[in-house]
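Engineer: Following this message is one structure expressed as structure tokens.
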Amino acid sequence: MDLFDKLKELHEQGLEEIKKATDEQTLNKVRVELVGRKGELTKILHSMRDVAPENRREVGQKVNELRDLFNKQLDATKAEIVKAVLVKKLEDEKIDVTLPGCEGHLGSKHPINVILDDLESYFIGMGYKVVQGPEIETDHYCFEMMNLPKDHPARDMQATFYIDSEDLLRTQTSGDQARVLEKHDFSKSPLKMVGPGKVYRRDDDDATHSHQFMQMEGLVVDKNVTMSDLKGTLEMIAKHVFGQDRATRLRPSYFPFTEPSVEMDVSCFNCDGKGCPICKYTGWIEVLGAGMVHPNVLENAGIDSTVYGGFAFGLGLDRFAILKYGIDDIRDFYTNDVRFLKQFRKEEN
Amino acid sequence: MLVSYNWLQDFLNLDQDPHDLAEKITRTGVEIADVKHPEEGLKKLVVGKVLDCKGVEGTHLHLTHVDVGEDEPLQIVCGAPNVAAGELVIVALHGARIAGNEKIKKGKIRGMESYGMICGLQEIGFSDSVVPEEFVDGIYVFPEDADVKPGQDVYEALGMDDYILDFDITPNRADTLSMEGSAYEVGAIVDQKPKVEDVFLKEDGPDWTDSLDVKVDEKLAPKFYLRKLTGVKIQPSPLWMQRRLWNAGIRPINNVVDVTNYIMLLTGQPMHAYDAKTFSNGKLEVRLANKGEKLTLLNEKEVDLDPNDIVITDGEKPVMMAGVMGGLNSEITAETTDVILESAIFDPTLVRKAALRHANRTEASSRYEKGVNWDGTEKAINMAALLLRNDADATVDEGIIKATDTKRKPVVVKTTVSYINHVLGTEISAKDMIKIFDRLGFMVEHDGDNIAVHVPNRRWDIAIPADLVEEVGRIYGYDNLKSTQPLLAETHGGYSEKEEMMRRMKAIVEGQGLMEAISYSLTSPEKAVRYTKDPKDLVKVQMPLNSSRSAMRENLMTGLVDAASYNFARKQTQLALFEQGRVYDHDGGTFNEHEHLAALYSGNTFAENWQHLTQKVDFYFVKGQLTNLFTAIGIDLEKVVYKAEGIKGMHPTRTAAIYIDKQYVGMIGMIAHAVTLADKALRGSELYGYEINLDVIIPMLTKGMTATPAPKFPAIERDLSLLVNKDVTNQEVENVIKSNAGKYLTALKVIDVYEGSHIEVGKKSIAYSLTFLNRKDTLTDKVVNNAMDKIRAGLENDLDIKVR
Ligand SMILES: [Zn+2]
């Protein structure tokens, strides 16, 4: 057989071998056999001396063509094999993405503190300092400084936990007002504060009463603070908490430590003012009490009430949370049932 | 106070919708809690005349024929005991609607056709508490003076066409606890002057003023007036008065009692009527009760009088608890012929306390405690006498005994127009402001900016300029105030540094997956100090609601364990709770409050999952969480020391006290079996938690920091495997390693602990990984080997530990 026949045969056989290889190892073997240093093509080149000189060029050319063809085919087959391996690997690695993930535990803020934090950051943004006072308060700060002398009828409205004749669990955060008023240096700056905290009343616990709850006191005092400023401030608070589309109204009310005193209602967000059980068919929901600081409160703290004046407000945080989240039992805040608390994981701010 | 819209028309010309008026009053003066229209929802209720009535044998029923103004009388079966021929009654016709939205239809009762129903007052919506005694258990029968005809609607005759405004007054507005007071208030709001009439009384009896010796302590009763009426005919009051009483929520009794109540409603002055026989010995005294004295009140309750109760006596024994309630022994009865009327002012505080003490707040006492108009005493007693003269055929004896008659001068408040505007943020002219005071019935002297406002005694809530600001503000209308923001010098809002740090710590533990709890501060004295290392004197409240809420907690853990119990009882056993709040004590005679943070875990570290990638919460998991918290707030962990210590309520061998720089900062451990075993819900559970004192920790923290670059030279790690006696603690081993390791040891980690069958009894093996680093140069093996040799020597010398 002459070289040309051999080459022809190799051509066919080689392509057949390459085609048969289905893994990289076999393919490498084929590569060595065909185009390796001791492979078939090299062997043919080595046997060139048997070829007639006039044909050598042609044989050389054919061998090179065949080498190129084999290399091309080997590379292509290799790519196919690699691809097939990868496909197999990926198939093996396949997971069910619909199986559930491994969950850690998610923390949550207590609903009352969700409301509190929101209000605090709101007031801080308006230049209010957050001030904390003692929960075990004296009769002096809780009542007398707040224009509630002993025997004042309003004291009956607030059943008080007394510890002894002078010390008590505060029934209101207003004591913080008195303490701050006494210390504040008005020659340096106006006073703007909010005072959040726990308060206590001697009420039996039921769906609407709790012997412990949370209040936030607000106080602004300077030379030119007006009741119009109070109105504007309260409207902003009410809309911030209950929605910009709420209507508000001020009603005259009575607190011993403010004069005039008002309460603010917002239009019922359940019935939009038409009347329903939540608003007791009035269309309005009472949300806070406020007023202009009573001159006696200022004078008690050594402040000249003819020069300085201002407003104060009190917000019931439990009440806000009850209204905002549609809660019908105040005890839910203090039993710490995780099925209840869990819901507030989304209420982060 | 329930204020009748129709009655208000006696004083004012009102033409607005009662609901609109209520809204206006709410925004301007007193909150109207409710507007009731008694006939609302009722239908086809007419007056009927019972033509004949006969009993149905063997039943309590009556078969009647009733003229309801139609051509034919209606046959109606009626079960009421008091139905009788000739009566004018309330008939619910076929198709009628009565109280409770109940429909009445014709039907058969015991085979007898019945074309409607004869009604009692409760059946058409009256409250039991206002129905006259004689009609409580039967049908209502119109009195002769009702002037009604068969077929007429019943509503007007019964006052049900009225609108009743519920004045939900604040304590300062007791002036509106009367029709006259309400009329002044509503008049000011709608800008009308109320027609409040004076009394012209004819006295036709003899002068009686010398017949009774009256002794009154002026301090107890600064005003004390008496009148006498004779020949009184006790009978029901006229219907118009009964109507007004029941619409105001008061049950008509008889004409004398009704007049005293009516006058109280009209003028706000509580009145009392005694049977004159009570003082037949010619003496009456107002004094404080003596210890041991008793009095049976009109409600038939016998009370032990307190030496601070004011009483009216017949010179010897009490016959009335002043300002609160009369005594049974001086009561008006059907036999009464002569009546002594009392109109007085009593000390408000003493009346309030007496009513509270004897749990007997009455219409009278609630008025006295809030104050009554000092100018109304005489008008009230004369008006009452006049009404009894008209309605009880009484003869009015001449003269009023004014045993005390302290005068109160009307208050004059001086202020300026500009002050009022300054506080309100308004620009109301002096003229408009004076007009507002005129609407209120306040006379004003006016000189430029200065005003002097004369406040009538009926408005005893007004004494200082701020009170006038309120009057001007509310009549001007809070709706008309501008809404502005305070224009002040700039202030810087924010939290205190301590508060900032507490908030940061809360955010960290929340990020660790803890849910925030809030517990009650009050707990039992035992729980208050459970979980507290060194209990201090407790803060206890007087008169607690119950013994389990009588002392202030000295730790937060107790609340979290309570929460765990609550949740376990509801099958919620996977817990990760924290609370940040105060604890309280009375150490050293002062009341102290400290901020704490506590966490409590139970269940698994991860939510249970199908890969089982979770483990039970244990001491080390919780300690790791706490360590992360310490790291995150910048506490040098080298300074944190855990010492096994016993703490009440905690597991005796799984609890540590935590010290930083030798200061006790808190504890960590497992809740004692003694606690969980004693609680049915928690039995068999393992709860782990920690509690730290933020008041101690926060001052240790530093704000701000300087960064160091990441190390430029490689670190060298070495492992150390030790066989140690079981009672040697990791802390002890670490101390020795650290003190011998030299300055390049940067980390020391426990990588394995083993106790068990593969090593000798009484021993355990601990393996550590040590990291050495020189920040300034490459560390050589020689240096590290040197250090390791020293460590081995130290362990052998100090703890007799062989390195494996
Ligand atoms: Zn509503």
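Backbone N, Cα and C atoms are what each Cβ position is placed from, and that goes for glycine too.
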Engineer: Going by TrEMBL, B:Asp467, B:Glu470, B:Glu471 bind Mg(2+); tell me which of B:Asp461, B:Asp479 is listed for that site too.
Structural biologist: B:Asp461
Engineer: Under a three-state reduction of DSSP output, how is B:Glu470 (Mg(2+) binding site) classified: helix, strand, or coil?
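Structural biologist: Note: B:Glu470 (Mg(2+) binding site) is helical by DSSP.
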Engineer: Just going by other Cβ atoms within 10 Å, which of the binding-site residues B:Asp467, B:Glu470, B:Glu471 has the emptiest spot?
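Structural biologist: B:Asp467, out of the binding-site residues B:Asp467, B:Glu470, B:Glu471, has the fewest neighbouring Cβ atoms within 10 Å.
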Engineer: Show which residues of the chain containing B:Asp461 (Mg(2+) binding site), separated from it by at least 6 in sequence, have their CB under 8 Å from its CB.
Structural biologist: B:Asn172, B:Arg173, B:Ala174, B:Asp175, B:Gly371, B:Asp467
Engineer: Give the mean pLDDT for the domain 'FDX-ACB' (B:711-804) on the 0 to 100 scale.
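Structural biologist: Result for the domain 'FDX-ACB' (B:711-804): average pLDDT 92.
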